[in-house]
Amino acid sequence: MSMGLTFLGIESSCDDTAAAVVRDDRSILASVVAGQAALHADFGGVVPEIAARAHAEKLDLCVEEALAQAGLRLSDLDGIAVTAGPGLIGGVLSGVMLAKGLAAGTGLPLVGVNHLAGHALTPRLTDGTPYPYLMLLVSGGHCQFLRVDGPEDFTRLGGTIDDAPGEAFDKVAKLLGLPQPGGPSVEAAARAGDARRFALPRPLLDRPGCDLSFSGLKTAVLRQRDELVAAQGGLHEQDRADLCAGFQAAVAEVLAEKTRRALALAPAPVLAAAGGVAANQTLRTALQAVAAEAGATFLAPPLRLCTDNAAMIAWAGIEAYEAGRRDGMDLAARPRWPLDQRAAPMLGAGKRGAKA
């Protein structure tokens, strides 16, 4: 009896090298992620050259480990899916070249996957969510509202015009002397903080639509920090905690209000969130409340599938393959690759890869 499709997924768009084996019944047989946090810790952010070299060193090992965990050989697979963009081009190229080599050597079908589609389709993998649904994709390099109508049918309703939220979290952590990655550090510090102590702005809430901006909020945190340092000669731990709590509350409030507008603009039975910042519990709580107001179900992936992983790439590859997609040896690595080809290009570029 047929076991259905089984795909290998390969992900290397930023600072996580990953491989996974996934079946079309939504079973994740293996998911391997080799992070690079230690390599970039001294630089306050991801260094593209260091990331690319690390991907080149780890990709084949991750694939071997994923196959071993799944108890499969390459000959047991039905296809290979690989992130072909958007992202840091050196890492994306490493993954694409490995996938091409494996496809050429085995004769397996090759499917190039948009990294953002991997995040956007994660609710299909984790919960079997039917189309359509509204997706808030919120990560280190990207932030956009998408109506998802199919594996390659996305309508962008709005997005960030400057920094992505994850980038803002990283920069605020750096300003306050907290370790990277900034998201978990800021969230941890905020638990002991008073979000009401500092009057931080809620950017673009006075303008209609679903576009977002976070660079002014980051600058406001910088000003408050500098005022505290000038007044008392440094920052106390409570100062850091209060600044983190205020910043986190501002981000959550902005995203909640813009999500409310997106649901009004494109009503959907399900509101989903994905991307690394979707792991933030304050944000999840705010989005859950917005979904309840609109009579929608709120879904967020398990934390291990919020951040970059190859299981989502394998799944997106399966969906694209079932829709008739095939790629050849001319598959190109793309630093920019908008999900909604009809929408105007987003402004700016995030630290973790080009906006799309």
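Cβ atoms here come from the backbone N, Cα and C positions, even for glycine.
Per Swiss-Prot, Fe cation is bound by HIS115, HIS119; the candidate from ASP226, ASP239, ASP242, ASP308 named for the same site is ASP308. What Swiss-Prot records for the substrate site is LEU137, VAL138, SER139, GLY140, GLY141, ASP170, ASN280, and among GLY118, GLY158, GLY183, GLY295 the residue it adds there is GLY183. Other Cβ atoms within 10 Å of the Cβ of GLY183 (substrate binding site), summed over all protein chains shown, number 24.
In sequence order, GLY183, GLU187, GLN248, ALA252 make up the list of same-chain residues 6 or more apart from ASN280 (substrate binding site) whose Cβ falls under 8 Å from its Cβ. When the Cα atoms are compared, HIS115 (Fe cation binding site) and SER139 (substrate binding site) turn out to be 12 Å apart. VAL138 (substrate binding site) falls within a strand when secondary structure is assigned with DSSP. Long-range neighbours of VAL138 (substrate binding site) (same chain, six or more residues apart, CB within less than 8 Å of its CB): ALA164, PRO165, GLY166, LEU255, ALA273, ALA274, GLY275, GLY276, VAL277, ALA278, LEU283. Between the alpha carbons (Cα) of HIS119 (Fe cation binding site) and ASP170 (substrate binding site) lies a span of roughly 20 Å.
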